[in-house]
Every structure is written in structure tokens, then in C-alpha cells.
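Participant: According to TrEMBL, the protein carries these features:
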type	residues	note
DOMAIN	37-113	domain 'Nuclear receptor'
DOMAIN	145-369	domain 'NR LBD'
Amino acid sequence: MAHGLEQLNDDCTVVAVTRTNNRQPANPHKVKNPDGHILCKICGDKASGYHYGVFSCEGCKGFFRRTVRQNMVYKPCENPNGCLIMRISRNRCQYCRMKKCITAGMSHEGVRLGRCPKKDKPSKTKFFKLPQTSHGSVDVDKQIKSEQMVLTIHDAFKAAFRSFEIYCARFSSCQNTTTVTTESAAKAVYSRYLPGIVLFQTAFAREIPHFTQMTLASQRHLIKASILETAVIHGSLNADVSNGEWIDNKLQFVVPQHCDLEIGILGQLFQDMYKAAKKLQKLELNDVEHSLLAAMLLFCSDRPGVENKYTLERMEHELCLSMKCQMLLSHADDSLVFPKTIEVMTDLRSITTKFLDEMLNAQVEVEDT
């Protein structure tokens, strides 16, 4: 007895193949292309072919087909920001999954099976190497652990934002917005902004199991070292930096352009943060990518004073791969978004180094007078 199967050829043609009972079935997770896999545009799992106009896995293909054929209408999602659709979470919210299918370009008019149009044929930059076993198959357990880490970090990021919103509420009744034109105003804004970022970073970090498993001393070093960098990520999400100023309506302050010429060290810090925030905004990262960037900065293995460097290096590697995978799905038409993000990350690290050096130099100058 023969069984019909579907197979994705190297030229992205999906064809029907036949196997008989006396032959070993093909492993659907076997890595045939040395460049890796084409990922499902909906959930990030291994795509089985070009279905309904996009590359997708068997699960998402079947879900879309059932929804359309049966005219199913799903209950709207209660999450105002929507749900993160991944392999391990794709069955939790049908509304968001269908929305992701449509956003990705699935349509009933699209070809269900057949040759992929040349314009959609994936280049080598669109392949991603999923974790593999020693036999060359996709390591499903590692894939699940990786996706669970991303979900945990994303949830932690959202929870930390809620904590920061509560902190900001105390400033909503302020009648006047503080404009940073003097050193005293800069210190006032710094003392207002920094505690909120510390609260955010602490709430974010403590919801990540990998972080809480580290020594308390290492936890303190990691949080302190990444505070200013997290502030920039936060600013890129909340502040208006489009017109040469840093305008934060939640904390009621404005940092004008070129304030570094008048205020000194803090003015230079605000200007450096403004430039990095503007650069980060241009990348148009989504919430998941922002949360992963915050985690990548938190778990830097070269921070001074930290222990368990090997554990941190492994975490860095996992986060980097997860970020690359997310960007492959979200920015399929921009292969430079990942290296640009790493470039911004380097800029953020330099802000901390520069500020600490200037503070130390200022302290030395005071002691010498």
C-alpha cells in the first residue's frame, strides 16, 4: 500500500512523492539543505512548503485551511498587544494565530501546493539552522526550550513595563515639564528617571529563571552595568526623539538638542542616549525584539565583577540565535537589521563606559584641586 507525501525540493517546488511499506519513512525533521531550514512565517517552525502564498509548516497550513473552509470566527484576543505566536504557543490563541496568518500574506486564493514564485524564492540569508541532534535531525527538545525562553523574556518585559507605568503615574499630576537647560535641571531629571529604570530592570531580570539562578553579587553587577543601556531602549519606546529633542510625556521632561554644550557630563550623557534611541527607533523592532535586546544587554558575560561567565556566554549565544530567528521572520526583506541591531548594542555599551570614565575623571579632578 502506498502513502502520499509532500516534499520540498531544492528549487522550492512542492511535489507529491510516494513511499511503500517496505521502505523507511523520510524523517520530516531531517536537515537536507546545509544552509538550514526555511521557517514558517507564522510560528517559526520548520516550513514544509509554500502554502496559500507563504512558506508555512503543516500545522499552520492546516489551521488556515480549516478556518477558511469552515468560515470560523474566533473570539477576539483579550490581550491588547496580541499574543506571541511560536511553535509552542500557536494553539493558545486562535484569534492571534489567524491574524498572523493574514499578516504574513496567507490567502485562500494563494496556491496551496506548487512552484514558489521567483520573487518569493528564499535566498541563503533567509535560511535558519534550527538546533540539531547528532543524527542531523531537528532537536525538538532544544527548540522548545529556546522558544520557552523567548516567551518568558517577552512576558517579563511586559510585566516590567507595567511596573514602570505605575511608577510614572506619580508624575502625571505635574503641572510643569522640566526642560534640561541647567545642571540642576539635569540632576532633577536624572534622579527622576533613574529610579524608574532601576525598578524596570529589576522587575524584568527577576522574572527570568536564568538570572535568578546566578549569585546575588552577579545579579547586582549585571543590573547596575546595564541600567543606562536599558534606559535607551525604554526611551526609544516611550519618548519622542523625532525632532532633535528627547520628549518624555510620562515623566514630564524635555532634553533639548545640544544641551551637552551647557551642562557638562549629564548633558553629554543625555545627548548620547538621544542619538542611540533615535538610531534604535529607525530599526522598527517589535516588542519581542526589544525584550530580547534588553536581555542580551543584561546577560553580557564581560561585565566586571560577574561570576559564572560560562553560563552567561551560553545565554548570550542562545539569545543571539533567538534574536536572529525573530528578525528573519519579522524583517524578511531587510537582511541588515540584525547587524544594525548589534551595532546599536555596541553603541549602548559604549555609553555606559564613556559615562563611567567621565564620572571617574571628574572625581579625580575634584580630588586634585
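Placed from the backbone N, Cα and C atoms, the Cβ positions cover glycine too.
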Participant: Of the residues in the domain 'Nuclear receptor' (37-113), how many are helix, strand and coil by DSSP?
Facilitator: 23 helix, 10 strand, 44 coil
Participant: Suppose you look only at the domain 'NR LBD' (145-369); what would the mean pLDDT be?
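Facilitator: PLDDT averaged over the stretch: 87.
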